[in-house]
Amino acid sequence: MAAIEAVNAREILDSRGNPTVEVEVLLEDGTFTRAAVPSGASTGAFEAYELRDGDAGRYLGKGVQKAVAAVVDEIGPAIQDLDAADQRIIDATMIELDGTENKSRLGANALLGVSLAVAKAAADSAELPLYRYLGGPNAHTLPVPMLNVINGGSHADTNVDIQEFMLLPVGASTFSEGLRWGVETYHALKSLLKKKGLSTGLGDEGGFAPNLDSNRAALDLLMEAIDAAGFTAGKQIALGLDVASSEFYSDGAYTFEGQKVDAAHLTAYFADLVASYPLITIEDPLDEDDWAGYDHFTAELGSKVQIVGDDLFVTNPKRLADGITRGVANSILVKVNQIGTLTETLDAVSLAQRSGYTTVLSHRSGETEDTTIADLAVAVEAGQIKTGAPARSERVAKYNQLLRIEQDLGAAAVYAGRSAFPRFQA
């Protein structure tokens, strides 16, 4: 393999018009790659630290020049001449250089940009696609796309509390077919919204953001759209939710649909939804620190539905290990910028899979054209990917990359489909 010759960084814009970090890596053999870092809107309290400048006179305080300087002035010199193939050594070097528990000195956005760019460079130098370089010869499973077609919560300015309402084409035979089903249902949903006089404006992740009377009304719209597109709900296309409950939790209570309620109330509410709709996955149904609530929620619904920990686990192996020991949730959402390096991300995925937890690769609401997570989903055989609606180029870029990977794999490609959701019975 080739040693790292130079590392550069710059400030670019994400899909919400906020600055983010882009890193470029040059190897001694001439290989040149770049990676861009995403940013979230609903962020977990235990995520690795995203370093921003705090200068109110520039980008409203959201500039990332400090993180860029950290890459150029500190990280680059520290990893120069290291072998790009030594990902674990490079990531460990950056973590030690930062010296904090949450990567707050140099910024997780600085570390991640370098970590991903190095992995891409190593793959290119080895003349391998990234998914093959990271996953080896057995990486061949295409994930089920979890298409976020109705946006609420912190992703849209509406009365809908739940952040994401998703379509999951579990009955398709290939990824490309599943994506087509999702796209056709997305367009059917747009037509329905127009007929009903509802907004077809888009939220951060490309989904529609209509102002509805209730969260259940959004599920009803999805059921109607699936039927209008010519598909069978449950058998061909299932439903999923990202509740993002930490966004409406305060002082020991949840403000949900205009009422102050507790975890037991929400558990009963979602149990009713699971019984009423082909709902197969629920993400962050409770606050990230409501462990007792998760104990009850998992006991009640863990055998019936996928319970995904996002803010709960924040892609952190230590948080995940605590959850596994306690037996809460049964799936982890994997966001590379929550932990800040590729190797720590891979460690979290490995721990989850060894412990019988499913894994979901995920974008952030503030995205770029970077497609790393598409390759990563195939590399780790995640079986599921969340990267928004089939709209807005920063979302579609990931789906298009998965289409390329499917074609590259040829006859070896397998679509995860229903097998990605072992608890789902239809």
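Here the Cβ of each residue, glycine as well, is placed from N, Cα and C on the backbone.
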Same-site Mg(2+) binder from D220, D262, D310, given that Swiss-Prot records D242, E283:
D310
Where Swiss-Prot shows Q163, R364, S365, K386 binding (2R)-2-phosphoglycerate, which of K190, K194, K335 is named for the same site?
K335
Closest of E205, D242, E283, D310 to S365 ((2R)-2-phosphoglycerate binding site), Cα positions, recorded positions only:
E205
I'd like the number of other C-beta atoms within 10 A of the C-beta of K386 ((2R)-2-phosphoglycerate binding site), please.
30
Could you give the Cα-Cα distance between Q163 ((2R)-2-phosphoglycerate binding site) and D242 (Mg(2+) binding site), in whole Å?
6
If I take the alpha carbons of D242 (Mg(2+) binding site) and K386 ((2R)-2-phosphoglycerate binding site), what is the distance between them in whole Å?
10
In sequence order, which residues at least six apart in the same chain have a CB under 8 Å from the CB of E283 (Mg(2+) binding site)?
E164, G240, L241, D242, V243, A244, V308, G309, D310, L333, V360
Report, in whole Å, the straight Cα-to-Cα distance of E205 (active site, proton donor) from K335 ((2R)-2-phosphoglycerate binding site).
15
